[in-house]
Amino acid sequence: MAFRYRSRQRTFPRMMNLTKKLNLDWKWIFRQSCKHLLTKYLIQIVVNILILLLLYGIEELVKVIGIKVPSSVILMLGNFAFLILLSWASPKLFGLYEKATFPTLELHLKWMNLYFVPSFIRLPLSDAISVREAFMIMAIFIIGYVVLFALVLWVLILWETLESRRKKNDEEKCEDETQVVPPVEKGGVMAVDSTEDVCSNECASDSDLDSKTDHSSIDLLNNIVDYTIFFVIFIVGIPLFLKFHVALFLYLSITVLVFKTILEKTPKRYAKIFHPLIFTVGFTWFFMQIFNWISKTVSFQDSLRLYSTGRTYLYLFDESQYHSQWPGAGDFLVSLLDISIVSLSIPCFRLRKELYQNFIKLMSICTSAAVGCFFLYPLISYHLGVKAPRALAFMGRSVTMALGKPLIANIDGSVDLFSCTTLISGLLGVYLGDHMIRLLGWSKRHSSNIITVGMVLGINCGAVATAHLLNTNPRAAAFSSLSFVIYGLVMVIMSCIPGLVDIIHKIVSFQT
C-alpha cells in the first residue's frame, strides 16, 4: 500500500505538470513549437535542398562523362569516405558536420519505407500479362526466394561452425592462464555505501521520471504540430485538386498522414500485421477513389497518373518536356528516395568497426549472392517463358528499392515487376523470416545468432525486413543494413559496366 501511495504521489504531479504545460503555459508551447519548426522543418528543408542540388550537379557531371553510375550512389559512397576521413582528421569539424546533417539523414532512414509507396501506387497501370507468364513468375519467385535464403543461411552456418571450432581450440590453449577473482569483502562501510546508493538511485529515478515527462510532453506537442501542418496542406490541396487537378498537396498529405499514423500509433505486437507500407498504399487508393467521386471529372487511372507525373527534381526546370505539368506526390517522394540512398552512408559509418571485423564474410557472401542473381535470374526466367524486361527485373528481386531503381534503370528492366517482387520479398522476411531460419537451419540456435539473422534477411529481404528488425532485434538490424547495402551496391556497380549489361541483354535477346 505504501508503494502504491508513493507511486501515486509521484504520478499525479507529473500529470499535472504535463497538463499545465499543454493547456496553460502558452509561452512554453509557443517557444517549443518555434524550436520544432526551426529544427525539423526550416533547417532540414535547407539541408535537403542542398543535398538535392549536389545530386543534380553530380547527375549532370555523370551525363557529361558518359557513365551510368547513379548520382545518389556516388554521393553515398563519397559521404561515407568523407565521414571516415573527417572523424580521423578533425573530430571538432566532424562534430559540427554531424549536428548539421545527421538529423536529416536519420529521418530519411526512419521514413525510407514511405518513399517506396509511389512504386506500388502505380501498379494498376502496369502492362497486362498472360496467365501462363503470371504463374511462371510466381513459381520463379517462390523457388528463387527459398533457394537463395537457404544457400546464404547454410553458408553462414558452415562459416559459424568453423569459427566456433577455431575459437574452442584457442580457448583450450589459454585454459591454464585463467585467474580466480577474489571474493568481495562485506562490511559496515559497504552497507553504508549501498544505503547511499539506494538513496541516490531513488533520487535519480525521480529525476529520470521528471525528464521523461518533459520529453513526453515535448514529443506530444511536436506531434500535434506535425499533424497540424499536414492537415493544413490537406485542406489547401482539396480545392487545388478539384479546380485545377493539381494533386501534389492533397495526395502528399494523405500519404504522409496515413503512414505516420500507422507507423507511430500501431502497438509493437501488431506491427507485423499492420505494416505501414501496405496500409498506406491501400488507404491512399481509398481516398483517391473518394475524391474521384467528388470531382466527377477525374478517373482512378487519371489519379494514378497525377500521383506520379515523372517530374522529379532532375526535371523540375525542364519546361520543354513537361510544360506546365506539376510534379505529383510520388515525384516528391521519389526525389526524397535519392536522399535516403545517401543516408545509407550513416549506418555504414556507425558500423564501420563491425564492417572491418566481418569484412571478408560480408563481402564474400554478399558479392557471391549478387553475382549469382545478376546472371542466373535473367537466364532462367527468360528460358522459362518470361519476357525480356521482366526477366531482367528479376535480378533485383531482393535488392532494396533505394538501390534497385538505378539498377533496373541501367539494365532496362521492368520497374513494375521489380517493385512488386521487392515488396513481397521484404514482407515475407517480416512475416516468415524467423520461421524459415529455424526450419532451414535445423536448430533454434541459429535464429538467435545476430550475424546470421541479419545477413540472411538483409540479402533476401532488403530494407523492409531491416526496418522490422530495428524494433525486434536492433543488433541483427545492424548487420542486415550492411548486408543489403553491400549486396545492392555490388548489383548497381555491375549494372554500370557496359560489357556485363551487353552479356545479360544477349542472354534474354533484349532489343535496345
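Every residue gets a Cβ built from N, Cα and C, even glycine.
A quick note: this is a predicted structure, and the numbers were derived from the prediction, not measured.
Now, the feature entries from TrEMBL:
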- 41-58: transmembrane segment (TRANSMEM)
- 70-90: transmembrane segment (TRANSMEM)
- 111-129: transmembrane segment (TRANSMEM)
- 135-159: transmembrane segment (TRANSMEM)
- 220-238: transmembrane segment (TRANSMEM)
- 244-262: transmembrane segment (TRANSMEM)
- 274-294: transmembrane segment (TRANSMEM)
- 332-350: transmembrane segment (TRANSMEM)
- 362-380: transmembrane segment (TRANSMEM)
- 449-470: transmembrane segment (TRANSMEM)
- 476-501: transmembrane segment (TRANSMEM)
Counting Cβ pairs under 8 Å that sit 6 or more residues apart, are there three or more between the transmembrane segment (111-129) and the transmembrane segment (476-501)?
no
Lying 6 or more residues past either end of the transmembrane segment (274-294) yet within Cβ distance under 8 Å of it, the residues of that chain are 113-114, 116-117, 120-121, 238, 241-242, 250-251, 254-255, 258-259, 262-263, 266, 300, 302-304, 307, 423, 427, 430, 464
Can we call the transmembrane segment (41-58) and the transmembrane segment (332-350) in contact, meaning three or more C-beta pairs below 8 angstroms at a sequence separation of 6+?
yes
Would the transmembrane segment (135-159) count as touching the transmembrane segment (362-380), if touching means at least three Cβ pairs under 8 Å and pairs must be 6 or more apart in sequence?
yes
Count the Cβ pairs between the transmembrane segment (332-350) and the transmembrane segment (476-501) that lie under 8 angstroms and are 6 or more residues apart in sequence, then report whether there are at least 3.
yes
Per the 3+ Cβ pairs under 8 Å rule, pairs at least 6 apart in sequence, do the transmembrane segment (362-380) and the transmembrane segment (70-90) touch?
no
